[in-house]
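A.B. asks: Take a look at this one; I'll ask things after.
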Amino acid sequence: MMSKLGVLLTICLLLFPLTAVQLDGDQPADLPALRTQDIATDHSPWFDPVKRCCSRYCYICIPCCPN
């Protein structure tokens, strides 16, 4: 039984190698709205142009200023 399972696993790995799976490691996933330009932080009323960050309401305006 174990040898049949090993053969099946080997065949599956040869037909569909793990390197063919697309990984999300090289894609930025933390700011998808900024990537698609859905949020214009420069025009936000909470954006501080001197500090180049948002003073409050960080769930609306990105990036947040450190407290």
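Cβ from N, Cα, C; glycine included.
Just lifted these from Swiss-Prot, have a look:
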type     : residues    : note
DISULFID : Cys53-Cys65 : disulfide bond
DISULFID : Cys54-Cys61 : disulfide bond
DISULFID : Cys58-Cys64 : disulfide bond
MOD_RES  : Pro63       : 4-hydroxyproline
SIGNAL   : 1-20        : signal peptide
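Neighbours and distances for these, please.
C.D. replies: In the three-state DSSP scheme, Cys65 (disulfide bond) is classed as coil. A simple way to gauge crowding: the CB of Cys65 (disulfide bond) has 15 other CB atoms within 10 angstroms, across all the protein chains here.
Other C-beta atoms found within 10 angstroms of the C-beta of Cys54 (disulfide bond) number 20, with every protein chain shown included.
A sphere of 10 angstroms centred on the C-beta of Cys64 (disulfide bond) encloses 14 other C-beta atoms.
Of all Cβ atoms in the protein chains displayed, 14 besides its own lie within 10 Å of the Cβ of Pro63 (4-hydroxyproline).
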A.B. asks: Inside 10 Å of the Cβ of Cys53 (disulfide bond), count up the other Cβ atoms and send me the figure.
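C.D. replies: Around the Cβ of Cys53 (disulfide bond), 17 other Cβ atoms lie within 10 Å.
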